[in-house]
Amino acid sequence: MIYEGKAITVKALESGIVELKFDLKGESVNKFNRLTLNELRQAVDAIKADASVKGVIVSSGKDVFIVGADITEFVDNFKLPEAELVAGNLEANRIFSDFEDLEVPTVAAINGIALGGGLEMCLAADYRIMSSSAKIGLPEVKLGIYPGFGGTVRLPRLIGSDNAIEWIAAGKENRAEDALKVGAVDAVVAPELLQAGALDLIKRAISGELDHKAKRQPKLEKLKLNAIEQMMAFETAKGFVAGQAGPNYPAPVEAIKTIQKAANFGRDKALEVEAAGFAKLARTSVAESLIGLFLNDQELKRKAKAHDEIAHDVKQAAVLGAGIMGGGIAYQSAVKGTPILMKDIREEAIQLGLNEASKLLGKRVEKGRLTPAKMAEALNAIRPTLSYGDFGNVDIVVEAVVENPKVKQAVLAEVEGQVKEDAILASNTSTISINLLAKALKRPENFVGMHFFNPVHMMPLVEVIRGEKSSEVAVATTVAYAKKMGKNPIVVNDCPGFLVNRVLFPYFGGFAKLVSAGVDFVRIDKVMEKFGWPMGPAYLMDVVGIDTGHHGRDVMAEGFPDRMKDDRRSAVDALYEANRLGQKNGKGFYAYETDKRGKPKKVADASVLDVLKPVIFEQREVSDEDIINWMMVPLCLETVRCLEDGIVETAAEADMGLVYGIGFPPFRGGALRYIDSIGVAEFVALADKYADLGPLYHATAKLREMAKNGQRFFN
């Protein structure tokens, strides 16, 4: 054994060939934490000092290669002064460069996944051989940063600037055949042949059949582009990527600028350019928010996994109520491998549900994400029925009938008599109390809420609602089923609107106040879209449905009359009474035409102004900043109340619920991280500034206490 650590070993294989193996003890995956980096330094030095070494194979002792840097450790570094951060990055990069500069040839044998620093380690090797089932990529832009271990330097010099820009700016994982096509790897083999293939490559390099020094040389030199080629490649790419990423996500464009700045330098000087740009990005609020989201997502996954121990396995599911929603749920279950019964009382609803599932599956086939055989398999896993005949073997039933408590109670009571005693019943409701619905059941302990967001196939969140009598097994089984469907479940306690809608309606309340104050709804939409929302509140209300919003507002007003009840008529009342229901009937705040792809296209409609005129009570001067605060303060305060009331257990879950459920701007991190970014004391002062607008703008006593004590939601 040449070197032995807790994350890395270096041992002799044969004829002067050694294997540098990553195998982090006590972890299921390899990652670059401080321990691994320190051991890599020692391992490289040990190889360098051993004259018997003729070649090095880099491998992994786990099912994946290396998943990247351990962000939980490195995030603290991002708060260091910029100069210290640059120095730390350059020190880490010296390790990779020293490995790259070894006198002997090196081969990286990539199994599983090599992401971020994992791929950057491979790029420092002379040759890369990849398992056909492996994937590689540089996903750092998704965290608001860019590759910092030489990725912006080595990748463009290996595969060309155009390909490298595409890989780095998109941040996606790339399959083996795509990696081979662009030259990111030198060979692709079946997983079982990876070790033999790596040995063959290294032997050919040792024998001189392959010239490893010549292979290495382009990575050490400047980019092979003349001035005109550089200008065309980089300026075009910056414009295109800026358009794709938008102004709130600077990392992809900064990555291109860094590649451009370093293009005329050799490796070492280029790495200095990379480190300087990386340090600037790492200290931005966008990086802080996106890294916070990543850590929150990890916490969500841990919490969801904790339910696995007591969850029952769902082998057969059922959905009550077909149509678009039922068809979407059936599709999601079937495509992820759980067969599902789809029941309705009307044949036409069944057909609508089947058409929806078939359409969604067909789109996946068109995009190459599903084979026709797999589509047929998924369709066969959806069994339409007008009766309860096959419900005896069902493990979970998702009720998705009309949003009416009496109808839901009747349907739930009926199905309870048709399923086995330990079957879970879950209501897909957006606003109706789970405790209220449970009153109709003989076994309320087997009942929970399971709130899917529309469209089901696109929205990642599922709220699993725990009622007063819901058992932990019922909650755990529903969480496990949601995960199996490919969703991100968050467990919340019962209250009107649960988490997401309870928080969304105060946001709509702020919008209603703005319209009543004479502010143009088109202007409000533009301001909030610029703030980072995927669509403004008027457009969102049209998409949700004015009737749905009207009903939801009434439910919330009944549940929280102290702050959500407003006796004045609002814009939503006016549109609802005028039968302008949004996209569903072609007119809401906007009018809708069908575009070439058959999708609704928003257009201005002057006639809506006459409809809104009676609900405009004043003409108030309101700045863009005021518009943001009228909307965001009540949303943030209601999120705080949900946390204080125990509706949601952690700040991480609250923020992720809003990002996944209503499209809260990810680069702002969620409502509670947004408060942190302003400062809790400053946010309380902001709320006080708008306190005359009503109780929705009144900070809670606990929040005031946090402000007084200098506390944050995230530390």
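Glycine too: its Cβ is placed from the backbone N, Cα and C atoms.
What you are looking at is a predicted structure, and each value in this text was computed from that prediction instead of being measured.
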Same-site residue for substrate (record: Swiss-Prot; known: Asp297, Asn501; options: Tyr127, Tyr660, Tyr674, Tyr690): Tyr660
Sparsest Cβ surroundings (other CB atoms within 10 Å) among the binding-site residues Met325, Val401, Val402: Val402
NAD(+) site span - longest C-alpha distance across Met325, Asp344, Val401, Val402, Glu403, Lys408, Ser430, Asn454, in Å: 20
Whole-number Å value for how far Asn454 (NAD(+) binding site) lies from Tyr660 (substrate binding site) (Cα to Cα): 12
Asp297 (substrate binding site) to Val401 (NAD(+) binding site) - Cα separation in whole Å: 31
Diameter of the substrate binding set by C-alpha atoms, the set being Asp297, Asn501, Tyr660, in angstrom: 20
Secondary-structure category, per DSSP, in which Glu403 (NAD(+) binding site) falls: coil
Least buried by Cβ count (within 10 Å) of the recorded positions Glu120, Glu403: Glu403
